[in-house]
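*Asks:* One structure follows; several queries about it will come next.
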Amino acid sequence: MSEPEAKLSKNEQKRLAKQAKKEQERLEKDAAKLNVAVADAPKVVREADPSDPQEYFNMRVRMIEARRAAGDNPFPHKFNVTISLTDFITKYTPLEKEQVVEEIVSVAGRIHSKRESGSKLVFYDIHGEGTHIQIMANAKFHTGDVDFVTLHDRIKRGDIVGFTGRATRTKAGELSLIPNEILQLTPCLHMLPHSHFGLKDKELRFRKRYLDLILNPRVKDNFVIRSKIITFLRRYLDNLGFLEVETPIMNQIAGGATAKPFITHHNDLDMNLFLRVAPELYHKMLVVGGIDRVYEVGRLFRNEGIDLTHNPEFTTCEFYMAYADYEDVIQLTEDLLSSMVMSIKGTYKIEYHPNGPNTEPVYEVDFTPPFKRVHMYDGLAEKLGATLPDPSTLHTEEAREVFDKLCRDNNVDCSAPRTTARLLDKLVGEYLESTFISPTFLIGHPQIMSPLAKWHRSIPGLTERFELFAVTREIANAYTELNDPITQRQRFEQQAKDKDAGDDEAQMIDETFCNALEYGLPPTGGWGMGIDRLSMILTDNNNIKEVLLFPAMRPEDGTEKKTDFDAPTTLA
């Protein structure tokens, strides 16, 4: 049996406790040399920043002018960033509380918040690259020509600032940088909206995307996904042996799609030109020339309406594949999109809110291949419960009258000119397209709706064409290309008649393209997909403006909308 432990006297207990306390104070004092705030010095009473946007703007301009007058450049040419904010977080996340590293690093970012604890300690949150870190500026470690208080008086929310110092983790567990050198890189002249409320006005967000990105950093996520879509597309097609090409944006004839073009004028040639509505005809001429697989990612321009799914300029990917038909292109499309969605989202099934975030209903969109197929003509007849004219007679006036009556009887609106093609398109949109949630191929379009598609090999009057829909919207269009130059010219002539009848979207005869076809286009499958609409689906946005960095906006009486935090860009 061991001897009983000697009991310490009360005095001895007090002595040991006092010694332990002193040791703890010594450790905390040592830690404070790099990490712990010094005791607050008497606060310096400073004038509050103006709340009026114009006065605030003037104050910031005066600060810049005063620095320039003193020979100080308020906009330095260079700051050497040694580590990104993302890498800073990755590298120093393992730090324990109150641990400080010896390594000196330099970071930079935009100030989103500023908090002062007396006159000797200032906290900042700096944002950049979609992330943020805390800066803990302590007067004890400050070096530089400008004194601590003056320097930090200059720095406001919105400024871009560089910091050089050591990484640490505070007592509260916040990963931070303790700077010894601070350089104001770019002053922000305007007051930023309060970070708690952010920027909610959608129209203002779209008009001032730069401010939207500053205050709503998650908006960038939409454009990261958009970029991934385009990168995946290019890599996929490159791996299949396609050649990426560039074709003219200004054309003498607006061909390749049924759409109303933008018109511009070339002064030297003294002629009108059209911004391209589609690159299709150029691509097929390249296939005639022997480039069997071509694709292009680029902007198209259509002088039509602006709404939740349409913008006058938009981005598409088009490809043309010799010795393939629309069945080959269907299989390629299924593989391309299903593998893309899996690569970007990590699953085939995604959720989509057609009425906007956090609303009902919620669609489950399933990109698992194979996709559903619906035959346009048979599907429409079934939905209408009607017998439709034989597809081979759709060019007749009798057929047009049947579809005109169907639209009237079913209250389906169709503005003039009420051609058979336009009437059919409205009926299909109302009764078929509106039901397609998961990816669905709509196949077998009539020839009168598809002037560039090849006739169906077994059903007269129809073509070998498909449109791909998801969440009720068209995202791709493809067909076996018409390569018969005689039939192509006849279809162009019919389109010209429709244009004379008032259809602004009908195509004109393109003699250069017709001549190219006469040299021989091999059997070819062609395909086009809208990048913007696919981006909307994969980012769960119901407004196309959310996936366009700078969407088209209607003017506001010739003046730009002002906000309660805006100020003129000139001194009052």
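Positions of Cβ are set from backbone N, Cα and C atoms, glycine also.
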*Asks:* From GLU280, GLU304, GLU334, grab the residue that Swiss-Prot records in the same substrate site as GLY256, GLU318, TYR320, ASN477, GLU481.
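*Replies:* Given GLY256, GLU318, TYR320, ASN477, GLU481 bind substrate in Swiss-Prot, the matching entry from GLU280, GLU304, GLU334 is GLU280.
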*Asks:* Among ARG302, ASN303, GLU304, HIS310, ASN311, GLU474, ILE475, GLY530, ILE531, ASP532, ARG533, recorded ATP binders, what is the largest CA to CA distance in Å?
*Replies:* 19
*Asks:* Does GLU304 (ATP binding site) have same-chain partners at least 6 apart in sequence with Cβ under 8 Å from its own Cβ, and which are they?
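*Replies:* Result: ALA259, LYS260, HIS310, PRO312.
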*Asks:* Centre the Cβ atoms of GLY256, GLU280, GLU318, TYR320, ASN477, GLU481, go out 8 Å, and tell me which other residues of that chain have a Cβ in range of the substrate site.
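*Replies:* Along the chain, the qualifying residues are ALA278, PRO279, LEU281, HIS283, LYS284, LEU452, ALA478, GLY526, TRP527, GLY528.
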*Asks:* Rounded to the nearest angstrom, how far is the Cα of ASN477 (substrate binding site) from the Cα of GLU467 (Ca(2+) binding site)?
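*Replies:* That separation, Cα to Cα, works out to 4 Å.
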*Asks:* Taking the Cβ of ARG302 (ATP binding site) as centre, how many other Cβ atoms lie within 10 Å?
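*Replies:* So the number of other Cβ atoms within 10 Å of ARG302 (ATP binding site) is 22.
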